[in-house]
Structures are given as structure tokens and as C-alpha cells.
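Peer 1: Quick one: structure below, then a few questions.
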Protein chains: 2
Amino acid sequence: MRFEVTILGSSSATPIYNRNPTSQVLNINERLYLVDCGEGTQQQMLRFDVRASRIDHIFISHLHGDHYLGLVGLLSSLHLNGRKKTLKLFGPPQLLEIIDLQFKYSETVLQYQIDFIPTNPLAAETILVNEDVSVETIPLNHRISCTGFLFREKKRLRKLYKEKLERLAVPVEHFTALKKGADYVDLKGRVYKNDELTSDSDNPRSFAYCSDTMFDERYFEQIKGADMLYHEATFLHAMLDRANDTHHTTALQAAQIANITGAKKLLIGHFSARYKTLDELLEEAQSEFPNTALAIEGKTFFI
Amino acid sequence: MRFEVTILGSSSATPIYNRNPTSQVLNINERLYLVDCGEGTQQQMLRFDVRASRIDHIFISHLHGDHYLGLVGLLSSLHLNGRKKTLKLFGPPQLLEIIDLQFKYSETVLQYQIDFIPTNPLAAETILVNEDVSVETIPLNHRISCTGFLFREKKRLRKLYKEKLERLAVPVEHFTALKKGADYVDLKGRVYKNDELTSDSDNPRSFAYCSDTMFDERYFEQIKGADMLYHEATFLHAMLDRANDTHHTTALQAAQIANITGAKKLLIGHFSARYKTLDELLEEAQSEFPNTALAIEGKTFFI
């Protein structure tokens, strides 16, 4: 099953040429999930061939502009381009008020429905479950209420030993039950235990999205063992005081968090505009956690 | 005196790669005036070396997203970049509510003051006068309340005939009075009429900004004789019905308006995303009004 993330924006609040504010799009089994939507996200989608009409779920972490100012424009474009399908939107409760006010004054009546699911910044909650994935909020520690999002692939059905089933001439109509773990009894009454005929599916993968936050142990347990951890790394560690003041993380801290939580891979992003190049941020993180990559615009990472 | 406009965005509501929603910046005697501020305007400024910190006046025509969704991000960046100077903001009364709500939820307290001057969509009003320019609103005819803006250079002082003044040994302290139109009396009591010693300054130039609107004679008188008329031209004339339905203008109509009002030059913009190339729009307008140019991103036009 496809499970990948494409970076649409990697910068923090003040703009810098060629880096856009935060946004990422996940492709999970050919469904697109947008996570944060900074100003210019629509243009980034056009640039990287991400079809906005394929997005059915949008997640907004918090109400700093660099994480949501592209949303009203996107919702409006979907409307103008004829969307009819309901869109699920997850974010802080006040987000709906901001959207409604702007559509009221532009006299926009959307042709499609938005199902708005307010997030709770105080407790981890499962906010979405479908056949492919479950999504939990991650309460983070930022200046204003902020949640990350933990995407966990659903456990897949067991895998059939096709050759063995052929040899035993097991009828096809038994396959679904076998995939779900049932034993098989043949016409002569002989019982085959399920694990003789199937193997366990791969472990479900997970992607943890943590932006914006300062280093805070309280969310570490929840993101344990993520196949991919995206963590903000706004500053170099030399600016730790500034990171603490503004409730952000340094590149070194992001790498420490990847180590502590046993992440398999770390992606860092949300870079301060003061860093014209990103090599130092990457080197600092890799010194602590070698399997780190930069969340560079347009790049797709397989989870 | 410098009087020029740089195009930052030329597209209408739905996004298209490589065209940004509407925004223009005027440089009038080294002061910058921003007119409309679609999503991504900050990035466009970075791209075209327009220093946001030099902008002291922002004008918003109406509350459709493609004309103002870049504003909150810009105001926020000015704050983060340490602006202290007051900023004058002109726009529909409801704009302030939209800004305030977003800053409330992001817990942003600006370090600088915004002087907000609400525009009146029903009558042409002078909303700004300074030593360089006066600005009037132009009531337009769009689906929601919308005003254009008419920038008129202030009449300059009279120009001195320097050589003649030297020959007559007119003391320097008389020059200001001469520039303002006074006659000069020399020590022997001889009177020199002002027009013997000075000439009239050049005619003040004007720039009329008309977006978004349908063809409507009511604003034609006000924009008469503009040195440069920027007029929206969302559609080709083959789509006149659609233009009327959505209260927009066709390229042919924009050119007719330039003719009727005696504009010296016409700039067209606010192009529908359906036009991947703009040649046909330009040709259509030029067939009626040859001195037409496309309002292409990054291009500067001298008024």
C-alpha cells in the first residue's frame, strides 16, 4: 500500500524566497491527506502536480498564519472548480469561525459540504478511522494551542501462501476467512491451522507530524517507534534560548527526540528564514541521528 | 518624479501555475503603495525585489479572496521583521474584523499601528492626500462591494528659468515664492511677472486601478484622461455572458473603456485561469485600443 509524504512547504513564519510556509500532503493508498496549509499551498500543489480535487481530508495543527493562511483560498478554489464531495476538516475550534467570517463577506456559499471536526489540544484523541488509516492528535507544547497528527496504517489482512492453497485445492470462497485468521477444514474433515496457510501481514507503518512545539517529554510516548517522524527544527542549537522563548525546537533536539522515541527516520523542517542554506541544520541533526533528511519542497518520502 | 507600477499578480480567483492573484505596487516618488494583496504577494515581493518594509500604504479593493488573502501574512511578517512605523490600510469596513479575528486567535499583538480607513463603495471619496499624490476611491460594479483607486500626482511647483534668474541676480531666497507663482520685484522696484521667470510644471499624471467590475458607465467620468488605466479583463469577448453573470469585463470592453475615457495607455489583467496563454486577450484589446499591454508579473510600467 502506498504510504508517502510530499513536502509542499518547509519554512516558518517569515517568508523567504523559494521556501514556502508549512504544508505536506500524504498519499495513503491513493487518497490524499493535507497536513497544514500555509499561504501559497495551492501554488505549490500546481508546481508539484498534486491534484487538489483528490484531497478529502485536511488537518490544521494550529492558528499561526504560516500553518493555515492558504486554507480559505484552497477551499474557495475547490468550490470554483466544481467540487461536490464532502471535505473533512480537522483543526482548532476557532478555525471554523475564521473561515465562516471570510466566506460571509465574500458572499461565498460553497457547493460542497465541510465536515468540521474540532481538535482538542489537551488530550490525544483518535479523530479519523477508515479502511486505510487511523489518525490521532498529538498534544504539543507551543505558544498557542497546537496538535500534531499521528497517522497509523491499519493492520492489513494476513497474506495467503498461494502455492500451498493451490496444492491443497482450497476453494477461493475460503480466502477471505483465511486472510482474517480462520482455520481451514477440508472436505475430509482435516483441519489446517491458519498459520500453516497464511503469514502475518507487514507491521502497520506510522508517520508522526510534530509542528510546532518545544522539546516536551509528554508527547514522546505517543510517537514511539514511528517509521517516519517529521519534527520541526526551527533553529540551530546555538539558538536554544530563542527556541525556548518561542516554543520551538532546535535541529539537535529534533534528533534527540528521534533517538528517544526510536524513530526509524527523521524529517526536519519549519526552518527559520535566517538560514539561507540548510546544511548546518542537517549536519547538526545527523550528528545525533544519522537517518535524518531535510523536508525540502517537492520531495516525496516513502514511509 | 518617479511614478510607476510593478505587477505582482495578474490572475483571477482560481490559481494557475506561474500567475499569482492580483497585487500591484506603485512607486511614487520613492514611496511604495500596495494595491490589493492576493495570496502569495509576499513571495512575489521577494521574487521581484520589492522591499515590504518600504510600504506605508495598502489599498484593498474588495473582499474576494484573490484580492486580499495575502494581507494577514504580510502584516504578520512586517511585525516579525520589527516594523515600528504606522501603516495606513484602506479597504472595506469588514476587512478590519477579518484581520482582528485572525490576530486574536494567533495571539499576535502587532508592534506597529495600523491606521484603518474604511472605504465607501457608494461614492467617490478622496481617502489620502500627501505631498506627492492624492488617492480617490472609484465605486465599481461587482458582485460584492468594490472600489477601484485613482492615484493623481500632486501638481508640482512651477519650474524656474535658472539662466534668466542668474542674469538678473535674483537672490535665492525668492525662489520658493517664484515656484509658487509670485511675481518678483527687484531693488529698483521693477516688476517681473511670474511667467517671465518660470514655466508651468508638467501636467500631473494619473493612474486608475479598476478591478473587479463589469462595464458600467457610472465610473467612466471619474477616470477620464488617465495616463495609465489598469482595467481588469477577465475574459475574451466571446464569453460576454459569463462576464456579465460574474460582474467582470472582457478584454474588448476594457479597451472600449480606455477609448471612451481617453486613457493614454491601457494595462489589462485579472485573467481567468482558463487562458493558459494571454495572446488572444492582448490581441482582442489591441484591436480596439492599440496602446494596450498585459499586466505581467514582475513587469514595471512607467506612468
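Cβ coordinates come from backbone N, Cα and C, glycine included.
The annotation active site, proton acceptor is assigned in TrEMBL to B:ASP66. What TrEMBL lists as Zn(2+) 1 binding site is B:HIS62, B:HIS64, B:HIS142, B:ASP212. The annotation Zn(2+) 2 binding site is assigned in TrEMBL to B:ASP66, B:HIS67, B:ASP212, B:HIS270. According to TrEMBL, the feature domain 'Metallo-beta-lactamase' maps to B:33-271.
I'd like these features described in context: how deep, what's nearby, how far apart.
Peer 2: DSSP classifies B:ASP66 (active site, proton acceptor) as helix under the three-state reduction.
Residues near B:ASP212 (Zn(2+) 1 binding site) in space but far in sequence (CB under 8 A, at least 6 apart, same chain), listed by position: B:SER12, B:SER61, B:HIS62, B:HIS64, B:HIS67, B:LEU140, B:HIS142, B:CYS146, B:GLU232, B:THR234, B:HIS247, B:HIS248, B:HIS270.
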Peer 1: Identify all same-chain residues not among B:HIS62, B:HIS64, B:HIS142, B:ASP212 whose C-beta atom falls within 8 angstroms of the centroid of the Zn(2+) 1 site's C-beta atoms; report them in sequence order.
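Peer 2: Output for this site, in sequence order: B:SER61, B:LEU63, B:HIS67, B:LEU140, B:ARG143, B:ILE144, B:CYS146, B:SER211, B:THR213, B:HIS247.
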Peer 1: Give me the long-range Cβ neighbours of B:ASP66 (active site, proton acceptor): same chain, 6+ apart, Cβ under 8 Å, in sequence order.
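Peer 2: For B:ASP66 (active site, proton acceptor), the qualifying residues are B:SER11, B:SER12, B:ALA13, B:PRO21, B:THR22, B:GLY38, B:GLU39.
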Peer 1: If you measure Cβ to Cβ, which of the binding-site residues B:HIS64, B:HIS67, B:HIS142 are under 8 Å from chain A?
Peer 2: B:HIS64
Peer 1: Would you find the one among the binding-site residues B:HIS64, B:HIS270 whose Cβ has the most company, meaning other Cβ atoms within 10 Å?
Peer 2: B:HIS270
Peer 1: Return the single residue from the binding-site residues list (B:HIS62, B:HIS67, B:HIS142) that has the minimum number of other CB atoms within 10 Å.
Peer 2: B:HIS142
Peer 1: Grab the pLDDT values for the domain 'Metallo-beta-lactamase' (B:33-271) and give me their mean, rounded.
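Peer 2: Across the residues of the domain 'Metallo-beta-lactamase' (B:33-271) the model's pLDDT averages 96 on the 0 to 100 scale.
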